[in-house]
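J.: Below are the features listed in Swiss-Prot for this protein:
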type     : residues : note
ACT_SITE : ASP162   : active site, charge relay system
ACT_SITE : HIS200   : active site, charge relay system
ACT_SITE : SER371   : active site, charge relay system
CARBOHYD : ASN155   : N-linked glycosylation site
CARBOHYD : ASN463   : N-linked glycosylation site
CARBOHYD : ASN471   : N-linked glycosylation site
CARBOHYD : ASN620   : N-linked glycosylation site
SIGNAL   : 1-22     : signal peptide
TOPO_DOM : 103-668  : topological domain 'Lumenal'
TOPO_DOM : 694-709  : topological domain 'Cytoplasmic'
TRANSMEM : 669-693  : transmembrane segment
Amino acid sequence: MHPALLCGPILAIFLQFLVSSCSPLENDDLFLVQVEPEVDPVVAAEAIGAKYVRPLLNLKYHHLIKLHKGSDDSVQSSIRKRGIDAGILELERQTPRWRYKRDASESDELLNEFSNHFGISDPLFYGQWHIFNSNNPGHDLNLREVWDAGYFGENVTVAFVDDGIDFKHPDLQAAYTSLGSWDFNDNIADPLPKLSDDQHGTRCAGEVAAAWNDVCGVGIAPRAKVAGLRILSAPITDAVESEALNYGFQTNHIYSCSWGPADDGRAMDAPNTATRRALMNGVLNGRNGLGSIFVFASGNGGHYHDNCNFDGYTNSIFSATIGAVDAEHKIPFYSEVCAAQLVSAYSSGSHLSILTTNPEGTCTRSHGGTSAAAPLASAVYALALSIRPDLSWRDIQHITVYSASPFDSPSQNAEWQKTPAGFQFSHHFGFGKLDASKFVEVAKDWQVVNPQTWLIAPEINVNKSFGSVNNETITEMVSEFTVTKDMIEKSNFKRLEHVTVRVCIPFNRRGALEILLESPSGIRSILASERPYDENSKGFLDWTFMTVQHWAEPPEGVWKLLVNDRSGGKHEGTFENWQLALWGESENPSNTAPLPYDTLELPKEMVLGIYSEPNSDLTNSSTLLSPTSTSFTSYTVSATATPTSTSHIPIPTVLPPTQPVLEPSYREIVAFITFFLLFAFIFVAVIWTWISAFWKAKAPPPLSQQEIA
């Protein structure tokens, strides 16, 4: 056999060995660790037998370390003995998780007048009904007055936390900025789509900033900039997710997030430690203290009876959660019932989808779901920020509420309810549909809100069981808490914004429970609706719900929590306790105090040792080494906070580095070595062939038969 033929099998065997030996996470677990400010994290890691990896970009005193797999017991013991001395406050295992894109499958005189008026020559503009709907006048974003006034999103950057942006697309080249962009999946600067289904981010970006040229259609805010933060092309850890949501948060103004946990009617998932703190960090320190604007798609699980209050990203008070309405003002099949969504924007349904950009310089007519609705809201926010850059993240949410347009819907279960503040609210559409002209008009003269305040009720212990009790079947329970005038005054409360409710209800079929919150005015928010596919047997363990339905409603009076077993007593569980929190605008902005965000996020019985995160169907490991009780024995009297302060976590005020300082992944190492070995193999083969040919040419010709004779 020719020696060169042996190289292939030998190389394959060697590479297989190389891959198995190079994977750093093959034998190690990655952990997030928080240390005391004065502690050297490398020394602290060594003190517990771990290897230091790198700092977390966005959070001070938070670092990543590696521990050998299977060493949890010994590590815990070591931490208990030496962790506090080493200055370690908290340890949490990092588990890569998938985040799911929230996509959905599926010329006349007026139109010509509109396009000619604005000089739009894009060939597919006639298909962008969400911009100008000539078939159903008024069923669009109402952009004429905004564009006539010359507002196109200048000096605003929308960052798409997604699967990348094709910034070479002729519709996006001018809008793209590398300043706030990064590929967190491949750890490189350019977030170009690489996989066959990396289309989502490019489509979302085109909705906002597609150029007015002769390609595809146009964007809502064509002079805005777009940045790409690529995270959706592989499972990612909580730490990396948090870095993406804080990346470039002085240059990126809006973070458009059309993704979340699975919309299957079964999942219940929330941000873990680092991402929770990144959201807090963003609203406190982003945009020079005005707050990053986080826009989240509400979810596409309507046909599974899902509810966005089972998603800790969309039910966060820091998120502007956007639902969808179709071209005929019907409820799309994928639309979720949810008390946490502020407003709806146009998207797919009734045989029409959103026309936008697609990778490789192409266009698509099939973008949809709440994935398409959220970028439209981001675009409208960009239009407003271009003329009012002083608006805070809470101002944007207020203007969203006050400018929303309720509408008549052919859908029978739209169910608009008038609130005491004079708004109309639907659990399908929020406060109505987004109207760009109304939003910008309200924003122009908006008086910025005072700093945030809060009132936290004591934990209400109920401790009553569902099911058969003393020959009686218990299926309904009600618990009450009275907010007094004195509490309102001591809490420095002026206007109600968000209401959150934390519950602890172990139940052996979570999907059978319905949870409602009734305000003193009798307005009911559906916090948890029945989910027939949710067979989880743990119930709600310290899960926090949120509602915006009570915005600007008088908070004084009796608040009721109603918990119903919709199975009619077929299942068992216990309503253990609940806690009400009211968030709003302060009366006296000079009377400030640090906000209790992080205290509220920590479980009330966190103790030294491994703790399983309750706010998720996934299990993560946490170790808190400075035992802190966060249970409340009386209502919390608060004042307000400046947008840059908190007493519970150290928050960086500096801009994250333009490029993350990350270690090369084992895939990159293997790829480099593979390339090097293949190059060497080809080089040797060529040299071998050349030498063989050379010696063959130099060798004397073989003797003929006559010469042999």
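The backbone N, Cα and C atoms fix where each Cβ goes, and this holds for glycine too.
Describe the structural surroundings of these features, if you would.
T.: The Cβ neighbour count for ASP162 (active site, charge relay system), using a 10 Å radius over every protein chain in view, is 31. In the three-state DSSP assignment, the secondary structure recorded for ASP162 (active site, charge relay system) is strand.
Its Cβ taken as reference, HIS200 (active site, charge relay system) is surrounded by 26 other Cβ atoms within 10 Å in the chains shown. According to its DSSP assignment, HIS200 (active site, charge relay system) is helical.
The 10 Å shell around the Cβ of SER371 (active site, charge relay system) contains 31 further Cβ atoms across the protein chains shown.
Neighbour density for ASN155 (N-linked glycosylation site): within 10 A of its CB lie 13 other CB atoms from the protein chains shown.
Under the DSSP three-state reduction, ASN463 (N-linked glycosylation site) is assigned to strand.
DSSP assigns ASN471 (N-linked glycosylation site) to coil in the three-state reduction, placing it in neither a helix nor a strand. Note: ASN471 (N-linked glycosylation site) has no non-local neighbours, i.e. no same-chain residues 6+ apart with C-beta under 8 A of its own C-beta.
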J.: Name the one residue among ASN155, ASP162, HIS200, ASN463 whose Cα is closest in three-dimensional space to that of SER371 (active site, charge relay system); these are the recorded positions.
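T.: Its closest listed neighbour, by Cα, is HIS200.
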J.: Of ASN155, HIS200, ASN463, which recorded positions are close to ASP162 (active site, charge relay system), meaning a Cα within 10 Å of its Cα?
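T.: So the list reads HIS200.
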J.: Could you say whether, by DSSP, ASN155 (N-linked glycosylation site) belongs to a helix, a strand or a coil region?
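T.: Once the DSSP labels are grouped into three classes, ASN155 (N-linked glycosylation site) ends up as coil.
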J.: To see if you understand the setup: which same-chain residues, six or more apart in sequence, place their Cβ under 8 Å from that of ASN463 (N-linked glycosylation site)?
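T.: Set apart from ASN463 (N-linked glycosylation site) by at least 6 residues yet with Cβ under 8 Å, we have THR574, PHE575, GLU576, ASN577.
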